[in-house]
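Participant: Taken from Swiss-Prot, the feature substrate binding site covers Thr49, Cys50, Asn51, Arg52, Ser109, Glu114, Gly115, Gln116, Gln120, and the record attributes it to sequence analysis. Look at Swiss-Prot and you will find Cys50 tagged as active site, nucleophile. The annotation site 'Important for activity' is assigned in Swiss-Prot to His99 on the grounds of sequence analysis. The NADP(+) binding site annotation in Swiss-Prot covers Gly189, Ala190, Gly191, Glu192, Thr193, Gly194.
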Amino acid sequence: MNIISVGVNHKTAPIEIRERIALSEVQNKELVTDLVSSGLASEAMVVSTCNRTELYVVPGMPEVNCDYLKDYIISYKNARNAVRPEHFFSRFYCGTARHLFEVSCAIDSLVLGEGQILGQVKNAYRIAAEVGTAGILLTRLCHTAFSVAKKVKTRTKLMEGAVSVSYAAVELAQKIFSNLSMKKVLLIGAGETGELAAKHMYAKNARNIVITNRTQSKAEALAEELGTNRVLPYESYKEHLHEFDIIITAVSTKEYILNAAEMQQSMAKRRLKPVIILDLGLPRNVDPEVGALQNMFLKDIDALKHIIDKNLERRRAELPKVKAIIDEELVAFGQWLNTLKVRPTIVDLQSKFLEIKEKELERYRYKVSEEELRRMEHLTDRILKKILHHPIKMLKAPVDTADNIPSKVNLVRNIFDLEEPNQSLQ
């Protein structure tokens with residue numbers, strides 16, 4: 001029994017290729033169902049995100065190998081004119097397991113340690129389970145991957161520290177003010193960057209968020225999504241600057257929208273109570289001289305990127321610990337995988353000795369009392385258990401490579417004169 005995987009990701013193919021191969025949830029279900037119903041695979045699962053489309057398969061026919069699956073996906077997506085086999089990676093046996101473990105704990109991600117990929121892998125398994133294409137092997141593989149990700153999260157610091165500008169801004173605000181639930185926040189700009197910052201703020205328990213934007217309807221839509229319903233007209237927000245403890249700017253402009261004179265007036269009204277200004281604009285939205293004012297903490301994108309770089313450096317330092325966890329789980333998974341290969345021989349061995357026992361006991365069934373027969377049966381069961389203990393232990397013992405398994409199996413089958421294994425048990 002083997003498991004193979006092929007796919008495209010940010011390491012193997014540019015974005016235009018990844019877009020051509022990407023699968024919707026409907027296509028995901030259709031692809032894995034077709035593979036299994038046709039007998040090409042006994043199990044199948046697809047992990048499809050914005051950065052990767054990866055197919056995991058337990059082959060059902062000898063001709064189903066990595067090259068076959070690459071061609072299958074290209075054909076399914078009608079992408080032969082743009083996508084080539086060279087755009088794909090290939091993995092098999094424990095290499096497939098290692099890859100999924102690395103994907104699940106986010107060391108194979110574009111952003112090291114990002115938190116979304118585990119949920120995406122879980123969704124891939126959910127889809128396969130729903131349509132019935134996740135069998136014993138994929139189920140064990142996925143649950144081991146989930147366990148790896150959990151251990152990485154609890155035993156390492158791989159996922160600690162902000163690695164996006166908007167999240168770094170919020171993390172910095174929390175370090176300065178500690179309890180954001182008590183602070184009043186003004187968001188200037190409701191575009192993508194501002195929206196992310198507002199959502200991160202909300203996730204950190206900031207509930208008093210006021211939004212202003214050139215297009216008021218956009219500010220109102222974001223406010224409604226956050227559940228604040230608090231919006232200031234863009235023309236008049238400067239009249240209220242003194243009311244806010246945290247100001248986030250994220251607008252597209254060539255001119256500073258806040259200058260030192262305006263903020264000095266605001267600070268006077270606040271009686272010098274501290275203010276954090278997080279300038280997420282590019283070009284900058286806030287005059288750098290604002291940062292020189294008393295109790296005014298101004299951080300722009302460059303300052304935040306310095307924080308991000310430090311956090312990424314700390315995450316990279318955790319990689320040896322992460323890889324040690326993966327190696328540990330990979331050994332256990334490989335040993336379990338090997339037991340599947342020897343299971344038919346173990347079943348046949350036990351069946352043969354059980355048959356011998358039954359035949360021999362049958363010869364004495366009418367020659368002894370029921371009590372004596374019961375004792376004989378109990379005795380032979382104990383003898384058989386001891387006789388079979390070492391052969392079964394040897395079959396289950398870890399091996400250096402999967403190539404060593406057939407030699408062990410053949411040795412046992414020849415010694416005990418077992419018939420060809422039942423393929424349905426493999």
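Positions of Cβ are set from backbone N, Cα and C atoms, glycine also.
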Participant: Rounded to the nearest angstrom, how far is the Cα of His99 (site 'Important for activity') from the Cα of Thr49 (substrate binding site)?
Facilitator: 16
Participant: Given the binding-site residues Thr49, Asn51, Gln120, Thr193, which one's Cβ is surrounded by the fewest other Cβ atoms within 10 Å?
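Facilitator: Counting other Cβ atoms within 10 Å of each of the binding-site residues Thr49, Asn51, Gln120, Thr193 gives the minimum at Gln120.
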Participant: For the recorded substrate site, enumerate neighbouring residues of the same chain (Cβ within 8 Å of the Cβ centroid of Thr49, Cys50, Asn51, Arg52, Ser109, Glu114, Gly115, Gln116, Gln120, site residues themselves excluded), in sequence order.
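Facilitator: Apart from the listed residues, the neighbours are Ala106, Leu110, Ile117.
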Participant: For the substrate site as recorded (Thr49, Cys50, Asn51, Arg52, Ser109, Glu114, Gly115, Gln116, Gln120), determine the largest distance between any two Cα atoms, in Å, rounded to the nearest integer.
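Facilitator: Result: 15 Å between the two most distant Cα atoms.
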Participant: Fill in the CA-CA distance, Thr193 (NADP(+) binding site) to Cys50 (active site, nucleophile), as an integer in Å.
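Facilitator: Counting only the Cα atoms, the answer is 19 Å.
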Participant: Using a Cβ-Cβ cut-off under 8 angstroms and a sequence gap of six or more, which residues of the chain neighbour Gly191 (NADP(+) binding site)?
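Facilitator: Non-local contacts for Gly191 (NADP(+) binding site): Asn213, Lys218, Ala250, Val251, Ser252.
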Participant: Which has the fewest other CB atoms in a 10 Å radius around its CB: Cys50, Ala190, the listed recorded positions?
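Facilitator: Taking Cys50, Ala190 as the recorded positions, the minimal 10 Å Cβ count falls on Cys50.
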Participant: For His99 (site 'Important for activity'), write down the residues of its own chain that are at least 6 apart in sequence and whose Cβ falls under 8 Å from its Cβ; none is a fine answer.
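Facilitator: Correct list: Ser5, Glu54, Phe89, Arg91, Asp108.
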Participant: Find the one among the binding-site residues Gly115, Gln120, Gly189, Ala190, Glu192 whose C-alpha lies closest to that of the residue listed as 'active site, nucleophile'.
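Facilitator: Nearest candidate: Gln120.
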Participant: Determine, using Cα-Cα distances only, which of these binding-site residues is closest to Gln120 (substrate binding site): Gly189, Ala190, Glu192.
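Facilitator: Nearest candidate: Glu192.
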Participant: For the recorded NADP(+) site, enumerate neighbouring residues of the same chain (Cβ within 8 Å of the Cβ centroid of Gly189, Ala190, Gly191, Glu192, Thr193, Gly194, site residues themselves excluded), in sequence order.
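Facilitator: Checked against the 8 Å cutoff, the neighbours are Leu187, Glu195, Leu196, Ala197, Asn213, Ala250, Val251, Leu280.
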Participant: Over all shown protein chains, what is the count of other CB atoms within 10 A of the CB belonging to Gly115 (substrate binding site)?
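Facilitator: Excluding its own Cβ, Gly115 (substrate binding site) sees 12 Cβ atoms within 10 Å.
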Participant: Binding-site residues Asn51, Ser109, Gly115: which have a Cα within 10 Å of Gly194 (NADP(+) binding site)?
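Facilitator: Close binding-site residues: none.
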